[in-house]
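Database features, via TrEMBL:
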TRANSMEM  B:12-34  transmembrane segment
TRANSMEM  B:46-67  transmembrane segment
TRANSMEM  B:74-91  transmembrane segment
TRANSMEM  B:141-164  transmembrane segment
TRANSMEM  B:171-189  transmembrane segment
TRANSMEM  B:221-241  transmembrane segment
TRANSMEM  B:262-288  transmembrane segment
TRANSMEM  B:294-313  transmembrane segment
TRANSMEM  B:320-337  transmembrane segment
TRANSMEM  B:357-385  transmembrane segment
Amino acid sequence: MSALLEVSGITKSFDGFKAINNLSFSIDAVELRAVIGPNGAGKTTFMDIVTGKTRPDAGEVLWGEGSRSLLKMNEAQIARAGIGRKFQRPTVFEDQTVAENLTMALRADRSPFAVLRWRPSRGSQARVEDLASEVGLAAQLARKAGELSHGQKQWLEIGMLLAQEPRLLLVDEPAAGMTLAEREQTTTLLCRLAETRAVVVVEHDMDFVRRLNCKVTVLHQGAVLAEGSLDHVTRNPDVIDVYLGR
Amino acid sequence: MTRKPFILQNPSVLIVLAVLAVFTAAVTAGSAAYGSGVIPTSMVKVLGKTLCLALAAVAMDLVWGYLGILSLGQMAFFALGGYMIGQWLMYARTETIVAASLAQNPIPATPQELQDAVTNQIFGVVGSADLPLVWSFAHSLTLQMILILLVPGLLALVFGWLAFRSRVNGVYLSILTQAMTLALALWLFQNDSGFRGNNGLSGLQNIPGLDHVSQATLSVWFLWASAAALALFYVLAAWLVSGKFGSVVRAIRDDETRVRFLGYPVEGFKLVVFTLAAMITAIAGALYYPQAGIINPAELMPIASIYLAVWVAIGGRGRLYGAAIGAVVVSLLSSWFTGGRAPSINLPGYVVNWVDWWQVALGLTFVLVTLFAPKGIAGIFDWLGGVLPPRRQGRDLGPNDGAFQEAEAKA
Amino acid sequence: MIRLLAPLFALFLPLAALANPALEAVIAENIDQIEQPSRRTVEPLVAQIAATGPEGIALLQAWADRRLGLVDGRAVILNADSMTDAVTGAPVTGEARSLRPNSGVRGVIEAALAGSALSDPDPRRRAAALDSLSRGADAEGLAALRAALDDPDPVLAARKARLERLLTIQFDTDSAARVAAIEGLAGDVGLDFRAALNPLLATRRLAATEEPQANIARELSVGSDALPREAAVALLAQQGVLQPPLTRAEQRSRLAANIVDGRVAGIPVTQLDDQAMRDRAYDTLETQGAVPPAATEAEAEATLATYRFFETYAEPDPAVTDAAKAAQIRAQVRLGAMQGIDLGLDALSLASIYFLAAIGLAITFGVMRVINMAHGEFIMMGAYTGYTVQTVIADRTLSLVIALPLAFVVTFLAGVVLYRLVIRHLAHRPLETLLATFGVSIALQQLAKNIFGTQARPLTAPAWLEGSITINDVIGISSIRVAIFVLALLFLALFLFIMKRTRLGLEVRAVTQNPGMAASMGINPDRIAMMTFGLGSGIAGIAGIAIGLFAQVTSELGQNYIVQSFMTVVVGGVGNIWGTLAGATLIGGLSKVIESLNPSNTLAAQTFMILFIITFIQFRPRGIIPQRGRAAEA
């Protein structure tokens, strides 16, 4: 089975500082992967490059069966190709209702005129209600997103990601600011999602990563330091040196 | 979630339409042509023009209140619409007059002679003998009507494409739109631009072919047309911002980046709204200038567009009726205060003459509204309707309403 | 020439009271020839008289002016109401017989006079003679100059040599000498040289069936830009080879004069709304002899086809015109280069103004991401401060010295007040700040109108700033613009000093880069923002005085610069003083270049300028010197 996302040899520097240095990475179509690393290891820049927010100075990012280069596409095109991104800080549209937020994220033609012609159907409404109940917001559909609590906003954003039906999900520090129970819930959800698609979780909370029980990629100074199971990488002396040892 | 008809989902649209209908009927009943004559013809014209300004404000609200682009060049489209209709009005009317005077000659005029005479009549003032290329379609009402939509639409499309493509936004974009209207104004100010330089186009209140209709009657007709256009485009705008399209547009206003990651082509949406608003504004302008009678490049100076933003802000942006109310209230008040009819205030030692002090008062009011009543006049309606704002914590972090607030981000 | 020399000689006429025996002798010997001079023989006599000294010169002067008379065989000079003896200068009474030399004789006398003035011992008189010679000379003037080329004064010697070359170009009979003179001066950009070349290259147009025997500049083709068809037809008509073409209006009025029973030449009047029909009617009338013949289109076409059109030089010698042409091209090239330098100076001063106007805006925008629409009004406020100070203090220099810091203080305070009352409450809402400051802007503008009235107020520069620094005929710059340039440099230096060397600058930079971190290190971002806003506004006040010195102070003064200032900031890039400098230089330079391409139309220049900026933003959305690093990517 070929890789869904194939990142090879990318480099990106900001004013001489190499945030990403000859980094290669690949993930299969159905896989859960955790990316860990200390602050400044290049985790966020890596996600920025994959989602089109930042252009690398060198390297190649290939996507899907046809191995299309993502570097020629803008953020919206990449998102439409099937890459969803969950930000660290919950970003939902606070001035709009939960239903509106979810409706916007529903998989549909995104061009302006198609959106103009789009009318809610029985199917779309049912889908919005399903998603809302999946993330525990069924009772909040008519409320404005700005009125939700922080945790509810996190869940709304996850709901929106689900509505997008991405083939690859990039999740940035999902556990940050969550209670223990919420972490449980998030872990379960991520594992379930990874049964049908590729999920990349960027995290530096080791307990959380351990609970995901998946292959781990350790980044350091913009390059891959080690890759394998969590036990495998935690035994790696380099990793202990730069990360775990501190 | 049950599906209700669009109008029922938006009761404010019905109210606005009803108010507009009552207003139009009342003015008609008070006009000299169709009623008691309580309202003088000049006042009917002022009211008709005000409706056009309200339409421009509604379009401005689409761009600013909903899409989040503070365009400081909207009046460029307004004036372009005026110029396009003005070309036909002036050409056709001059042609009638010139044909009548040439008919006095013993030898009938050739088509060439007729056109030369018309050209001389229109462009003699800027010392030009040839009909400029931009007047090629001026003989045809139909073609000029198409141009009313086409020229501002194309300008908005090209400008918007260039600006949005390079992701210019916020204050930068505002300054660029201002530069656009300034460039256009300066170009039109030249005598050889083909639009009669700073003389502009005049005599637009006379409609060719309707010489037998009095100005009193014409003014009421234009009032009707302006009211109809306002009603039509108000409904269109309300429809546009009500559904998923409106949802996406407001989302772009609040967090453009997030919308991109949802997969929406943000630039495309911006272009559609910006261009559509430009065309609506142009139609408003095409209805306005025949009532004003004259148009010149001063109408495109950046200050005019900024005033439009002021009206929308005072009326309440992000609410279509707010924009319309703001335009009506502020423009009528402005003309009342600066027209010298407002009574002066006698302070001990100084007489406050409103002609001199209105601008100061307006400027300060505007600052106060921005500081203390960001929802403007429309905020009163929200309050009356019991619509409570969402429970927000802390100060705003983002540039617009609806963006993050400090406490939420920290939480 | 004599007319110009006359006042000079009038100065020393009364001094000629002493007798001049040499002159007396010459007059006595040649009294017949003085009475009846002949152009061919008079020259030695004139030279003799001139050699006798000032009295002789005075006599020659009077002779040439037809003010010389004879009383009892003695030469006398006739004044308006008296006579003096030409030799002794003593008053004379009696009946004078006026002498009237012919023009040939007068020419000889004048040349001698000029020559003598050119070798006069007094250098001022030699200079004056050169002046008058360079204003208008002829072949005799050239001969006189050549005779007097030696000069003890090196400056005058150089002037004489140059003038000799210039006169050689115009009046020498030997074309080789003329060509040599032209080539010797080629590349010179002096107005005198260009003026000397112009008459050589003057042309006239000529229509002929074959190449004329003349110095042909070029052949023109009909319909080209140089010779439009109408001009060719007009030339043919002027040379009498073609009937003058009939204008449409004339044709119509002649047709109208021949209407008979609603018909012209048998064609119903109603059908004459067509040009072809009118031509037919006219032709018919022409054959009937009812109207004068006129060239039809076909005739005009046929004649045009048989004739060729030439531009010929009035100067017959092709060698001279070729040399002149080449010299003119070289002069134009050098002139272009010098105009380029002049343009550069102009652009530099404009850039300084934009820099001064924009720097305050750039500071506030860089630190707070806030566009202050009232910035233009702060500029205006500074200018009015200068004006007010000038009404109180009469001494221009002193008032300027006081006004500069005072304007800074006034606008600094205005900026601080604006910040405290408005901008602070709109933090992180740039668009609303833009609008609120616009409200302040219209209020301030109207307030200025209410206080100072609508008419323009002068802000006069001190006398020592009023002149201009001129390098040659082409390059020159007014002192005031130099002063503004210096002021801009001063502020650049001051700004760099504040930013790099003071605590305030350090804190400003900290707040710009990371407000949160700065706050946590004990810097009060609010105070810093207030200070930078005040600083930016204060510089606007200074800019106001600088602008007021060469433009009239009105309430709209700031408005005229505000859009350019915005552009400067946008083009330059945010948060970097060098960016503002680059933006100002680009905008100032480009405006001048576009203006110079089409000097008659400054409006078009501004239009193109703005279009250029809109396009520029496409390629460098963050300006010439963008903010860099990861923060900029966010």
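Using the three backbone atoms N, Cα and C, a Cβ is placed for every residue, glycine included.
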Please tell me whether the transmembrane segment (B:320-337) and the transmembrane segment (B:46-67) touch - that is, whether there are at least 3 C-beta pairs under 8 Å between them, with each pair 6 or more apart in sequence. yes
As a test: from B:141-164, B:221-241, B:262-288, B:357-385, pick the stretch that has the greatest number of Cβ pairs under 8 Å with the transmembrane segment (B:294-313). B:357-385
Among the recorded stretches B:74-91, B:262-288, B:357-385, which has the greatest number of Cβ pairs closer than 8 Å to the transmembrane segment (B:141-164)? B:262-288
Would you confirm whether the transmembrane segment (B:262-288) and the transmembrane segment (B:46-67) meet the contact rule of 3 or more C-beta pairs below 8 angstroms, pairs 6 or more apart in sequence? yes
Does the structure show the transmembrane segment (B:46-67) and the transmembrane segment (B:171-189) touching, where I'm treating 3 or more Cβ pairs under 8 angstroms (sequence separation 6 or more) as a contact? no
Looking only at the recorded stretches B:12-34, B:74-91, B:221-241, which one has the largest tally of CB-CB distances under 8 Å to the transmembrane segment (B:171-189)? B:74-91
